[in-house]
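S.K.: Mind having a look at this structure? Questions to follow.
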Amino acid sequence: MGESASTETLEKKQPFTAEEEAADGKKSHRSVVAVQPKPRKGILSSTIDLIEKVIVYFAHDSSKPLHYLTGNFAPVRDETPPFAALTVHGSLPVCLNGEFVRVGPNPKFSPVAGYHWFDGDGMIHGLRIKDGKATYVSRYVKTSKLMQEEYFEGAKFMKIGDLKGLFGLFMVQMELLRAKLKILDVSYGRSTANTAMIYHHGKLLALSEGDKPYVIKVLEDGDLQTLGLLDYNKRLAHSFTAHPKVDPFTDEMFTFGYSHTSPYITYRVITKDGVMLNPVPITIPEPIMMHDFAITENYAIFLDLPLYFRPKETIKGKLIFTFDPTKKAKFGVLPRYAKDEQLIRWFDLPNCFIFHNANAWEDGDEVVLITCRLKNIDLDLVNGAVKEKLENFSNQLYEMRFNMKTGAATQKELSAPMVDFPRINENYTGRKQRYVYCTSFANIDKVNGIVKFDLHAEPETGKKVLEVGGNVLGIFDLGPGRFGSEAVFVPREAGTRVEEDDGYLIFFVYDETTGESKVYVIDAKTMSPEPVAVVDLPCRVPYGFHAFFVNEEQIQKQQAEI
């Protein structure tokens, strides 16, 4: 905070040199690592399995229902190869030529004991669109974890759903023992790659925040092939967020990883040529869960929120991450090309947690963050046993402002509960924009609509439910018994010279009455209740997490570069 303004300007405006960017450039093609784990079967493996079964039988409460293995959360065990000539009601716009993908948890094998929604193996559901025709495909991300469990024909890695009480400590020891005895090969990590996807430098990445990215290739017929693990020529030695940011103006990618050992946060910049630059450790007092962050043209914004990694709490029957309602929410704003953390500015706001940010930008002396703010968080709500209610889970759209000159921080409520999974026209990432599209929720985990917000309009404060009016321009209601997932905005044209909301929203929908899954395409400008197109799918698509649209140009560029 004591640095001069001229120093701060130099740090935030100066990009890395050409020499730094090119340091590993000639090796960039080798940054995809073929995943070839070497687990071992034998007497030791069988003995540990037997011990585990006995302990689970006596120590695990199997009477508790595993909610996220039932209904449309239940996995589909089989992959679906490209299924072409799908029925399309309406017409698919030309700008949707490409592949719409959504990843989510889909456990291939039944859990040994507990199960949390975050635990399942990553399965990608894709809709290849070309010239008005659609093809559906689903494929597992071929992670090291999945390969090894296929080898054993059963679950072997511990799960978040197990990590409660003394039983949780036992399950941790079981995995450590299996790794020590080389029964499990953890040299390629433990990733499920089940959370989100992003495209950068000719590569489509499947992400989960506990490990490194997996590279997915989109084939011409829409099929999805796992190429391997991305370690940026061994420069990535820590976890990698599920929500990195790509600046559409510079083609750079910005990311971070969090850890339960110091440094708890590590910030990274990846050049437009796919070179990962030196790590920037971020100092915070305790290890936390930090699911998302944000960038502006000149800054990166870090969220030190009080969801702490506290293993001792598991003895009390809590999960390994515990929310502390007595602590302030802290936001760190760092010049995004900083070589270290010396120029970071920290701002305090009232206690909260944030899973997902919409966008951020600079407005005079202020840095503005648009986010979905949660007053409290209990990860047990997405554990095995869950009440399908919204009580104690009040996610709302907020505007937060951090004044880089005065050090003041303010926040403003922009919506009634409950909204999340905010998406924008990503041509505006890191720049001032107007429209945000969020999912609305019928209960803790089921999406019942898509809401369009106008950040230029004043919100109607005091409302308990979401209604059109004020800053709510439109709500697309899925109707009774139908539930969706994150909607991705696809612009009619690239760039920022056309109207920001001129485009379409595309998302998966499941009808719990008929058991049918579909893909909806709606007009993002008008939010008309009549979809532009509906595509009938050949099989059930379980509820999942984040989605992405790979356009035709990216598919062709990807095929040329990988």
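Just so you know, glycine gets a Cβ as well, placed from its N, Cα and C.
Pulled these features from Swiss-Prot for this protein:
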- H243, H291, H356, H546: Fe cation binding site (BINDING)
- 1-32: region 'Disordered' (REGION)
S.K.: CB neighbours of H546 (Fe cation binding site) within 10 A?
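M.R.: Step by step: centre on the Cβ of H546 (Fe cation binding site), count other Cβ atoms within 10 Å, giving 22.
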S.K.: With the Fe cation site defined by H243, H291, H356, H546, which remaining residues of that chain have Cβ atoms positioned within 8 Å of the Cβ centroid?
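M.R.: Checked against the 8 Å cutoff, the neighbours are T195, A196, T241, A242, D292, F355, N357.
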S.K.: Tally every other Cβ atom lying within 10 Å of the Cβ atom of H243 (Fe cation binding site).
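M.R.: Summing over all protein chains shown, H243 (Fe cation binding site) has 20 other Cβ atoms within 10 Å.
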S.K.: Test of understanding: give the count of other CB atoms lying within 10 angstroms of the CB of H356 (Fe cation binding site).
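M.R.: Cβ-Cβ neighbours of H356 (Fe cation binding site) within 10 Å number 20.
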